[in-house]
Amino acid sequence: MAPPGRRERPFSSGRFPGLLLATLVLQLSSFSDACEAPPTFEAMELIGKPKPYYKVGERVDYKCKKGYFYVPPLATHSICDRNHTWLPVSDEGCYREMCPHIRDPLNGEAILANGSYEFGSELHFICNEGYYLIGKDILYCELKDTVAVWSGKPPLCEKILCTPPPKIKNGKHTFSEVEVFEYLDAVTYSCDPAPGPDPFSLIGESMIYCGNNSTWSHAAPECKVVKCRFPVVENGKQISGFGKKFYYKATVMFECDKGYYLNGSDKIVCESNSTWDPPVPKCLKGPRPTYKPPVSNYPGYPKPDEGILDSLDDWVIALIVIVIVVAVAVICVALYRFLQGRKKKGKADGGPEYATYQTKSTPPAEQRG
């Protein structure tokens, strides 16, 4: 029994840290002898909730995710091995759900965007030339619950047809009795005889054809009288396109007499509004004026100040050459004078030595005496 006046405690403060340490050691030993969470896959998912660790020999099972189906015999489970790793397993046994095959439409073609009917794929439709698409040109393989289905019905390819082309005033077109025209069917327009002295001119395309979107290739032409005034150029003459009357697209050329120049175009055309385009030119007296824009406006031409700069460059080069020549001449003259001075100094120094030698010697006459 405890001494009187002292209460017993189930755990003393000194024993609690030791018990906590023992628990941690036990937990660490358990973790070190276990596998971590099992691997994850794109096409498979774990059956049940994952745990932070698994004991050696413990098994986990997988199933194919939504949109995938299982094809045996590949395993869909794994076991925690003694080396604390999971036995190899893969999701290669799970295949994407596939949409049903769709045939090419009549007079068209169905093209798989990625070459597969798996969900997530696209199926594109095109029609042959002369046919147009009715419906959606792209279908998507989607999941409906667990089944892969297409996003809509396949389209159809129908033949391109055109309604009869427009009728025109003072004219007609071929095949006027036909009520429906197929793709690339063509008609040709022509004008009726005119009641007056001047004929009708066909303004626009004479032949049109049934094209895409069930429309004609061009607007219907127009039949009307187009007549331009007789072109007169004073001090000039007509050199081509002669005639008494000038109708649609008539072309005339001019030249001026000697001593005159042409102001305008030498070639004019009679257009649909019965006027000449360009306007009839004029012949003006005198030589043709020359209009030379500033040379700075044309790339490749020197700027106005470039000539001055070039002449300045020539003067600078000439000045440099002159300075060099003068400097060389001065150096040569100075060197020449220096060498001449040395030569004269040498002669002056040699004279006294020769005289001294002569004075030291006894002249022959004195020796004989």
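Residue 1 is the first one shown; counting continues down the chain.
Placed from the backbone N, Cα and C atoms, the Cβ positions cover glycine too.
Just so it is clear, the model here is predicted, and its values are computed rather than measured.
When the candidates CYS64, CYS127, CYS141 are compared with Swiss-Prot, only one is recorded as disulfide-bonded to CYS99, and it is CYS141.
Swiss-Prot records a disulfide bond between CYS283 and CYS256, which is the match among CYS256, CYS332.
Swiss-Prot names the disulfide partner of CYS191 among CYS157, CYS162, CYS223 as CYS223. With respect to their backbone Cα atoms, CYS256 (disulfide bond) and CYS157 (disulfide bond) stand 64 Å from each other.
When pLDDT values are averaged over the domain 'Sushi 2' (97-159), the model yields 94. Under a cutoff of 8 A between CB atoms, and with a sequence separation of 6+ in the same chain, the neighbours of CYS210 (disulfide bond) are ILE160, LEU161, CYS162, PHE181, GLU182, TYR183, LEU184, ASP185, ALA186, TRP216, SER217.
Geometry remark: CYS141 (disulfide bond) versus CYS223 (disulfide bond), CA distance 56 Å.
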